[in-house]
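Under the heading domain 'MIT', Swiss-Prot lists 7-72, citing sequence analysis as support. The annotation region 'Disordered' is assigned in Swiss-Prot to 73-113. Sequence annotations record features per position, and here Swiss-Prot assigns compositional bias 'Basic and acidic residues' to 95-113. Residues annotated as ATP binding site in Swiss-Prot: GLY172, PRO173, PRO174, GLY175, THR176, GLY177, LYS178, SER179.
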Amino acid sequence: MYSNFKEQAIEYVKQAVHEDNAGNYNKAFPLYMNALEYFKTHLKYEKNPKIREAITQKFTEYLRRAEEIRAVLDEGGSGPGSNGDAAVATRPKTKPKDGEGGGKDGEDPEQSKLRAGLNSAIVREKPNIKWSDVAGLESAKQALQEAVILPVKFPQFFTGKRRPWRAFLLYGPPGTGKSYLAKAVATEADSTFFSVSSSDLVSKWMGESEKLVSNLFEMARESAPSIIFVDEIDSLCGTRGEGNESEASRRIKTELLVQMQGVGHNDEKVLVLAATNTPYALDQAIRRRFDKRIYIPLPEAKARQHMFKVHLGDTPHNLTEPDFEYLGQKTEGFSGSDVSVCVKDVLFEPVRKTQDAMFFFKSPDGTWMPCGPRHPGAIQTTMQDLATKGLAEKIIPPPITRTDFEKVLARQRPTVSKSDLDVHERFTQEFGEEG
């Protein structure tokens with residue numbers, strides 16, 4: 001029932017703004033006051049804090065405008081026929097728009113609030129991950145380029161029945177680079193990139209979650225060409241009919257199905273990109289909405305070799321090409337995440353050596369580096385002793401060696417099991433394709 005107060009308030013606002021714009025201030029003032037009374041009554045019953053905040057903001061705006069009009073009327077101005085110049089002078093630079101509560105282009109306060117929350121999902125700064133940083137996955141990269149890069153740079157390619165792909169599902173074991181690939185897409189694509197998770201789209205308020213989904217796709221269409229990346233989509237779109245499925249969850253899935261169907265059949269330049277570790281958990285109707293279902297497997301030896309180089313970056317090391325080949329062969333069964341963790345651990349090995357060292361030598365440039373007792377110029381001292389002498393800034397850890405990697409690999413194990421791989425390979429045979 002309390003929603004009637006809000007609707008009545010909005011109706012009065014529309015009339016008030018209309019009269020205000022026409023300069024009929026003696027008519028606009030009572031209409032503003034009526035709107036304020038209805039908004040005040042609505043606020044007593046409104047439980048949603050976001051909506052309360054939005055209405056309070058508009059209430060303050062209309063109250064300020066009503067006070068300005070009252071001041072004009074007190075001076076004898078009632079509209080264009082009486083002291084119109086004075087009335088114009090008192091107008092605020094931005095008056096309320098003739099719409100539902102004064103939001104953008106007639107948006108009501110609730111929709112404005114939903115969109116404000118989704119704005120944080122837009123990736124404003126490029127993640128700075130290039131295609132070349134993604135090791136392997138050539139088929140997946142080619143398919144994504146066909147869907148993302150070519151339609152923007154070469155729109156003339158897509159004529160007649162040739163249309164770019166509209167929905168991609170990336171699936172595979174954890175840590176294989178699905179989200180990393182999405183970051184590369186965000187970097188390389190000249191498109192608006194929306195990165196969302198279930199927490200961005202699920203609300204505790206009844207009916208708000210599906211509105212968030214609807215607004216997300218609407219914003220993507222307005223910003224086209226655009227990409228919507230949904231990470232861990234299985235948490236949003238599990239199989240329907242399960243015992244633990246709530247009514248809210250069902251409505252989110254239904255809205256997502258409707259929106260994706262719309263994206264697929266209209267040339268709106270909106271690409272949906274989703275990732276999951278559990279493809280079998282997806283609802284079959286959602287699964288069907290994805291044109292391309294690409295398996296992101298564990299990296300091969302060559303890809304792992306490339307990953308070691310990328311993660312080491314410009315950190316000082318003395319590894320040769322045969323050393324990197326050895327590491328690629330040695331890490332069979334490792335995911336991209338496993339390789340990343342391995343390198344992070346290795347990066348600290350020189351620091352550990354420096355902390356434990358009993359001998360240091362002074363290089364020609366004045367820096368001190370740990371060494372063995374037989375190294376030319378070796379001096380028996382410790383890192384703490386050098387720091388006490390004011391040489392802390394001159395201490396440099398040694399470059400990374402193959403031995404450092406062997407030491408770390410001796411204690412690290414892959415995180416993906418054989419049974420995990422079997423599940424994804426079976427799904428690929430039934431529904432997907434190799435990446």
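The first residue you see is number 1, and the count goes up from there.
Placement of Cβ uses the backbone N, Cα and C atoms for every residue, glycine included.
Helix, strand and coil residue tallies for the domain 'MIT' (7-72), in that order: 61 helix, 0 strand, 5 coil [DSSP]. Most Cβ neighbours within 10 Å, among the binding-site residues GLY172, PRO173, PRO174, GLY175: GLY172 holds that distinction in the structure as shown. If you count neighbouring Cβ atoms within 10 Å for each of the binding-site residues THR176, SER179, the highest count belongs to THR176.
Around the Cβ of GLY177 (ATP binding site), 29 further Cβ atoms fall within 10 Å across all displayed protein chains. All protein chains shown were included, and the count of other CB atoms within 10 Å of the CB of LYS178 (ATP binding site) stands at 27. Take the mean position of the Cβ atoms of GLY172, PRO173, PRO174, GLY175, THR176, GLY177, LYS178, SER179, the recorded ATP site; other residues of that chain with a Cβ within 8 Å of it are TYR180, ALA275, ASN277, ILE296, SER335, GLY336, SER337. The secondary structure of SER179 (ATP binding site), as reduced to three states from DSSP, is helical. A coil conformation is recorded for GLY172 (ATP binding site) in the three-state DSSP classification, outside any helix or strand.
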